[in-house]
Each structure stands twice: as structure tokens, then as C-alpha cells.
Amino acid sequence: MCRTKARVEPRAQALEQTLTPTPASKMVAQRQRSSSCSSRRHLAGSLMFLATTAFALLLLPRSSPLSYDIVIDAGSTGSRVHVITYHAGALPQLDWSRTSSLKATPGLSSFAADPGSGGLSIAPLLEFARRHVPRDNWVHTEVRLMATAGVRLLDVTTAEAVMESCRELLRESGFRFQDQWATMISGADEGIYAWVAANYALGTLGGARQDTTGIIELGGASIQITFATDKPMPPEFSHVFKFGDITYNLYSHSFLHLGQNVAYESLHDLLSTPALKSMSTHLIHEATYRDPCTPRGFSPMAGPVKVPASVLESKADYKPFAHAVGNFSECRSVVRTLLQKGQEECIYHDCRLGAAFVPDLEGKFLATENFYHTLKFFGLRSKSFLSDLMLAGDQFCHGDWSSNIKREHCSFNEGELLLFCFSSAYIVALLHDTLKVPMDHKNIDVTNQIRGVPVDWALGAFIVQKN
């Protein structure tokens, strides 16, 4: 029996946002029960009440006319345009019933060989925006393009050529645009924007640090980890963010090359290295290597792989083939090796991912993007999921590709379906083995939406710009 594919792309229109503030009566009762607490506790509660009330006021009807902003998220697998509709004011009131978005593939990084054509890929997104912004508003509507990890992986010259091709279209779009509004953003900024979006949707932005929620994003080319902390940390990982009168000290770091898709490619480079060495030594052009992250029965991957310069000096197209054996435990072990690569270069007291400093995770977290897609595929609940994911991943990895996996999940394309053995092992190895999250941990919620509001860094970028 074929399971129906549940994920729908592109997202045509956002759901109506409803943020529910904490009832005033409940706040009063809490203050009465805690009358013996310190003044600091009173202050934190008051700030939380004021922050929640402020966001509730954002949703009240206003007579001011609608305004529009356009943010294009140029990610590693595609670009998504967000047409954000809001009522202007000291703090913008977002109108989710009119906010819309559309994704186009491939991503800008795929135009590395022909950077001048990169801009053409966003033409459908600009046309979508024109249909959703009244013509009279075009001249007042700002359009910004922010490129993330996929473009950051390109060399500087190529990346700038791709960005310039986008600027050419944006200048002629009819919207308000300045050249500096099309740029690559740092991974740390991407993480901060996502943190802002999440806490805005939760109603905790502007409240006490301990009431905020951290975020872990598993993208295609990078991982972002961002959360508020009062612990000391190396200055290159510390970021001060001010919202209103509240200042947060954030840990935010992007781990380039460790996003799901790029990590999958790196894993095969790692696995195939012994075969490449053998081929070089024995002057042969075909060899196989063991692949525990692909279910058995999958046909060997044909075609050349990216040859590490340290392995072969020759530019010949050596072709090692993967022999799929589908073993979750073995895949998880290889992934751990990948995640720990570079730790010998660590200059900090605690490096958990490569050579980068990562403090203990504090408080509640949201896990988004490929965390969400993987759990949705396996039909798992969002909290306390690691043990269940380990069991589901083990069963999937040990399944037979031809006889049951493809037949049961026939609505998925092969390339997408192929990743779920790897992604299940990758998530367990990342969260439990590397970041030391307990298997029964209940403070990580896996989602891409909160009360109809997308947990999307592009929304956070808009909020920061209007702050």
C-alpha cells in the first residue's frame, strides 16, 4: 500500500495568525500565590505580562492602511519569496490573512557555472509579488534578497556575480530597492532572525530571557543554533540583540557544511576515501565502498564522486560505487565521525561540533526545517521523540528498497526518499551523541509553525528591520 505524501510545496498563503495572551486574571492569581517572592521575580513577571499584552495589541484592528514588504530567502535548495502584509506603526501589526509566499527551485548556488543566469531564477518570485502587492503600492514596497548557506559555500567572486545578476532584476522590479538590500547574510544573523521569529510567534519576544525559546535549524547546507544565555562565552559566539527596552545576550552560530544535504554528500566522500586510495594505488577505475546509510537493494550510485585533493592528485573520473547495506547503528557511528571532524583544532574548553564552541543547551528549544520533515515522514510526535526516531530509523534503514520501501512510499521521489535513513541517524547523532540531549528530553518541540505563524528567519528579518 502506498502512503500519501503529506508535505505540500509551495506554500501559497499563510494561515491567519492568532496569538493568545495570558489572561489577566491568571496573572493576578499567580502574583497573589507568589507574594513572598523577591522583587526580581515580580519584575520578571511584570515584563512578561507587558510583552504578552504588547503582542496582543499588535493584533487588534487598526484603521491605518495596509503596507507591504517583500523578503526573498535565497536558500541552498531554492528561493522563497515572502510578501508580508502589515499595518504600519511603532510596532507593525502583521496581517496573516494576506501574507503569502512561493518557493522556486533550484537555489542560487546551482548557478555557479553560469552566475549571470542566477537572477533569472527569481523572476517568477517577483512576478508572484507583483500579483500580491497592489500596483499603487509598488513604489513604497521594499524588496530585499538575503542569501544563506548555499551561496556562502561559493567562492567570493562567483557569489558576488550571482548576487549582481539578482540585483539587475530587482532594480527593474518596480519595487523600492537599493543594491545593499541584496546580500549574503551571516549564519549567525540567520540564526538570530529565526530566534526572533520563533519568540515573536510564541509571544515571548520582549520578555525575560528565561522565558524565551532557543532554536535549532537543520537546513540543507548548514545548522544554526541560537538561544539566550547569561553564561560567559567567547566573543565571536556572543551576539547582543535589543528589542524595545530589553537586551538579550544570544549564543548564535552557523555550522556550514553540516546541513542535511551537504552532510550527506560529505558522508559519501568520507566513506569512499578508502576505495579512492585503492583505485589510485592499483590503477583501477572502479571500486565499491560500504554504505550503511542507504537501505539495501538500492542500485549503486553511478558516476564520479568529488575526489578530495588530499587523496588523489589526478583529475581522472574515478568511479567508486556505493554498496547499500542499510545499518542504522553503523550509519550513526559514521555520522558521529563526520560531526566531530576538526575537533583536534578546538581552541575552546568545549567543542561539540567540529572546532566550534557550543555551550550547554539551556531551556526550551524548537527544532525546525529538516527535523520537522523527518519526524513528519515517520509520523512521530514532536516531543520526547529521540527514542522513537531511533527505532523508526532502524526499521527503515533495514528495510529492502525495492520490495517494500519504494512500494510503500511511492508518492515520494527517489532522491527525497533515499535521505530518510541518513536523516534519522543524523538527527540522533547530532542531538543525543553530539549535543548531549537526553533520549527522553521533553524540552525540544519539532515544528515549522506556531499558531499558524511560520517559524521562518525571513519573518524575523522583517521584524528586526522594523524594530
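Placement of Cβ uses the backbone N, Cα and C atoms for every residue, glycine included.
These numbers come from a predicted model, not from an experiment.
Among the features that TrEMBL reports, active site, proton acceptor is placed at Glu190. DSSP assigns Glu190 (active site, proton acceptor) to a helix.
Positions annotated as ATP binding site by TrEMBL: Gly220, Ala221, Ser222, Ile223, Gln224. Residue environment of Ala221 (ATP binding site) contains 27 other Cβ atoms, counted within 10 Å of its Cβ in all protein chains. In the three-state DSSP scheme, Ala221 (ATP binding site) falls into the coil class.
What TrEMBL lists as transmembrane segment is 43-60.
Distance noted between the C-alpha atoms of Gly220 (ATP binding site) and Glu190 (active site, proton acceptor) is 14 Å. Taking the centre of the Cβ atoms of Gly220, Ala221, Ser222, Ile223, Gln224 as the ATP site, the nearby residues of that chain (Cβ within 8 Å, site residues left out) are Ser76, Thr148, Ala149, Gly187, Glu217, Leu218, Gly219, Ser254, Phe255, Leu256, Leu258, Gly259, Gln260, Val262.
Counting only the Cα atoms, the space from Gln224 (ATP binding site) to Glu190 (active site, proton acceptor) is about 8 angstrom. Within the same chain, residues at least six positions away from Ser222 (ATP binding site) with a Cβ under 8 Å of its Cβ are Ser76, Thr148, Ala149, Arg152, Gly187, Glu190, Ser254, Phe255, Leu256, His257, Leu258, Gly259, Val262.
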